[in-house]
């Protein structure tokens, strides 16, 4: 009796060991080219910048201090790092704006797809996802061509006599916002659709039976029921927006920086690798907090709805 | 009274269809414009001057474009195959089991590349690979392949895991009952059933690697441009429809792969 229990335990032990061996290659590769380097970034953020980039092996917390504060060269006092703060705030502002705009466009679109006949829903979803799986750079480039001064938008507006001279959109915050909305819209539509697809329209019908207006049905029944989708979509759009690098680089033209570009600058012309490392970790922490918030929310709503 | 309400649809919301149609239109407008002007005879990307294939010809004769394209495909092929093999093994190890110690850890580990902003991974790799390059003197494509493989694993893992979770162990148990060796069970039962998931994962990984800009831009050594990083470099200048032509071909390939992926994963569910 105890011998069978013993064999069973040994079998289970062997099984777990086999499963560790099987997953070892994937874990090793990710450790080598993702998690490991991230740990090195933590170390680098506590070192001193070298004269030609790279670092000197001397401990220093200067990088972390200068993420938020800057030393006044004349008085030697510490103040808020205005330049960083400005870029930081712009990143948050643009990301929030992108999230709200994609929600405003994505909500009706997801609703439209979810209320199509069952057969055609997959097709509509496919139509939304195609641009998403095509190259991000190409999509950004496509937006650039449309909004540039000589692009079709300005050409058309001038041609129609609506404006007399092309409006400068490219290389402004607006350009970055338009680009990010365009690029991340599918990330909003997909989770919204996923929760709208499960929407029980008997509840909507009950609302109308009780003389609710369309607006009231929308705000009191539909929105609360698809809230998990709204939260998921918002997180999915906000996170990549905050870390965006390609879109601000191409559409902001290097003048309108976001966090991603500020980080790059420290490894290029800025020659301050520790500061770049500290900024990168700051971004990572913000993203992690947003993710953690989402995971907790998702777990909570799962428990509520079984 | 009743006939007055017969047109009333409980699913309708005013303006939603308009916004949705507008969305679909705006989503495709830039892409369609991009493709149309690839065929422009003139140098403009906004004023149509007649149909021509000259920009495709220009791209075809541009040595740097061809070189970058070949490099992109090389990296994506190796990275996608290695990532898919590793992801398949990992998926087999993390599905169809009772929860064991370290399972959650494995999930988090495998999905980690998806959670960290790409720019952060990019500078992290820059730091580490710069040191290794100096220490070993090797500066070949290996760095790019390892980096791509790592971020391809979670993408390959997703469809394979989904497929595995929809397969129960009945057939495998039956085969084992009939005295099949574990290896035979795997090659004759598990693998054929899992195949659609593996193909889907492979294609997803290939597209993701092909599309990458940020990590490649930071990891590549001189003269190691992939097609996306080459394009990123060109966008700083005044662009000609040659870029549209390159993008059009690139788009076509991506859409083709995604379409096949879509049909495979739809058939398998």
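The backbone N, Cα and C atoms fix where each Cβ goes, and this holds for glycine too.
Taken from TrEMBL, the feature domain 'ABC transmembrane type-1' covers B:69-261.
Marked as transmembrane segment by TrEMBL: B:15-39 (among others).
The transmembrane segment annotation in TrEMBL covers B:73-93 (among others).
Residues or ranges marked as transmembrane segment in TrEMBL: B:114-132 (among others). Long-range Cβ contacts of the transmembrane segment (B:114-132) within its own chain (Cβ-Cβ under 8 Å, at least 6 residues beyond either end) map to 138, 143, 147, 151, 154, 214-215, 217-219.
Look at TrEMBL and you will find B:138-158 (among others) tagged as transmembrane segment.
Per TrEMBL, the feature transmembrane segment maps to B:193-210 (among others).
According to TrEMBL, the transmembrane segment annotation covers B:245-264 (among others).
Distant neighbours of the transmembrane segment (B:73-93): 106, 110, 141, 144-145, 148-150, 152-157, 160-161, 164, 190, 194, 197-198, 201-203, 205-206, 209-210, 226; these residues of the same chain sit at least 6 beyond its ends, with a Cβ under 8 Å from one of its Cβ atoms. Distant neighbours of the transmembrane segment (B:138-158): 71, 74-76, 78-80, 82-84, 86-88, 90-91, 110-114, 118, 121, 125, 129, 132, 201-202, 204-205, 208-209, 212, 215-216, 219-221, 224, 226; these residues of the same chain sit at least 6 beyond its ends, with a Cβ under 8 Å from one of its Cβ atoms.
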